[in-house]
Amino acid sequence: MKSVKKSFQYGNHTVTLETGGVARQADGAVLVNMSDTVVLVTAVGRKEADPGKGFFPLTVNYQERTYAAGKIPGGFFKREGRPSEKETLTCRLIDRPIRPLFPEGFYNEVQVVATVLSMNPEVDADIPALIGASAALSISGIPFDGPIGAARVGYKDGEYLLNPTFEETAASDLDLVVAGTENAVLMVESEANQLPEEAMLGAVLYGHEQMQVAIQAINELTAEAGKPRWDWHPPQGDAALETAIKDLVGDDLAAAYQIPEKQERQNRIGELRQRAVEALGENREEEGGWPEKDVGDAFKGLEKDIVRGRILAGERRIDGRDTRTVRPIDIEVGSLPRTHGSAIFTRGETQAVVVTTLGTGRDAQIIDAIEGERKEQFMLHYNFPPYCVGETGFMGTPKRREIGHGKLAKRGIEAVMPAADDCPYVIRVVSEITESNGSSSMATVCGTSLSLMDAGVPVKAPVAGIAMGLIKEDEQFAVLSDILGDEDHLGDMDFKVAGTESGVTALQMDIKIQGITREIMEQALEQAREGRLHILGEMNNAISGPRSEMSEYAPRLLTIRIDPDKIRDVIGKGGATIRALTEETGTTIDISDDGKVTIASADKAAADEARRRIELLTADVEVGTVYEGKVSKLMDFGAFVNILPGRDGLVHISQISNERVERVGDYLKEGDTVRVKVLEVDRQGRIRLSMKAVQDGE
């Protein structure tokens, strides 16, 4: 098969899609080159589904090879290990927009693998990987209702930027990734610097408009190199089974979905599901019956119809709320006595226990990313143990979902974090989800904001988050504020917004259907703003701003700046000076190459003493200034006096007294404390001192 290429201009980048030359045994394989960042994306699907499988087994793997950046991996084995956080997040980024485009009832296993082969350190590989996944699936013949396009959007000085570089993104007020088909937006992932809702919506629509060139190129590639679409037909619904289930449990199921308490409701629904299986399944006493999987699918369909129908008819939601009401909120701040900052945030049946820990510069996380090494001063970790939903399960390393939710919460908070000069601490926040019924990532945002303020971190403003949902049938739709887990599962959109009173700091959107209009997104953003302001009001009642005093158990950090040329004076020969300083004062001292000195200690007095000593070590000797010093050595011609740490000057025999001095030892001995005045510092740094000048001055 000959190689087929399609190229297009995408912002300031040229993108080339190529197929037919590499990985030819995969169902679909595309090399994407975006300004020298090259990603190979393959798609393979099994021709037969596993019998009895009731879900779509899609796997997405994204892997960055260090050779792409001309590096050799660290560690003993010198090869890539488990996925990094960036790789895990990119897997989710690819999965979310492509998953809804596989047809209902398609349960064949599909695997998409994206491998970064070459890396331009200024061009992120996530957009080429997304475009490549869309292209590989489109040419593979696997049933897929794509293609999709993807774009990164920045925002600076009132202008949108298309596919900005890493450097441009760092200077931008927005980092937004949007993916969608020709007619619809399917996924948004973003962080922003408190931007208004109109700017966020404008960025989504701008990105969708600009990605059409990528969709067109994929369509052209598919027309020229695509394989025939699989001869797959969706399973037909069984009208008789649907009617039988509705007659059997319809009224009881509708009543069950009006039980506000989650576990009681789930227990009742479980009983009804079991009743349906026993009455209509193949194992019933009478002849006939349907397979258990079919009965389960029909039961799920009835659940969906009941919940969605009630909401679209203007009736109350599952827990009795209307579409705009936020669940009751309960907040406890500072409840964990030995932590540096803590908050328990409860919204309905979702609860997060969030704890802040303050550390020093040496606690920063070193990220050895493919585009370069950096230090992370702010970490946010999200834990979702099985007990929070009343289940048992394996507990170990964080799963993809936990990493993704933690990153979303971090994006929501990052815009209000103080600059390093205002808060020199390394900060780690951990969110323990102790109860969950929808929107736990947004509970983490609220809890993190409260916990940081309890720890005394000078955040620029409090941040709250809310999850929105959507039910849409034809032209009728309802936007739901603060959705429950069931509403998320049975709805058409999951739309999470975090922000301050001034604007949005993070937006994540996952849309399961086509046809979400600008009007729907506008209403969702406006309703989210209304809910966010309500939550901020509740948070303000608990703690209105950062505490002025930190926990007594938090380290005290003092930051001073010294002349970089004097760093060696503080460190001393072989590190002797700084080692003695830390041991004698009980502090931890970090010195950066630019002369920034950070002193950490649980005892403020010890930190102050360390600062005083460092200031003395780095002080300049000023001519005309009187110092108190110790006689360090006697000579025939005078005495050396230590006036500053590491700085000795000479008091000549003629400068000891107004009287004639025959022997230095008659007036001074080693260890004496004397007051001296600096007469001169010569070009070689030698210091001339006088005791006589001090006497004359007095």
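Using N, Cα and C of the backbone, Cβ positions are placed for all residues, glycine too.
For ASP488, ASP494, the entry in Swiss-Prot reads Mg(2+) binding site. Taking Cβ-Cβ distances under 8 Å and a sequence gap of 6 or more within the same chain, the neighbours of ASP488 (Mg(2+) binding site) are GLY438, ALA467, GLY469, ASP494.
The domain 'KH' feature in Swiss-Prot is assigned to 555-614. Applying DSSP to the domain 'KH' (555-614) sorts its residues as follows: 32 helix, 16 strand, 12 coil.
According to DSSP, the secondary structure content of the domain 'S1 motif' (624-692) in residues is 7 helix, 36 strand, 26 coil. Taken from Swiss-Prot, the feature domain 'S1 motif' covers 624-692, and the record attributes it to sequence analysis.
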| note | DSSP output for ASP494 (Mg(2+) binding site) maps to strand
| note | Cβ neighbour count (10 Å, all chains) around ASP494 (Mg(2+) binding site) is 21
| note | Model confidence over the domain 'KH' (555-614), as mean pLDDT, sits at 88
| Taking DSSP three-state, what's ASP488 (Mg(2+) binding site) in: helix, strand or coil? | helix
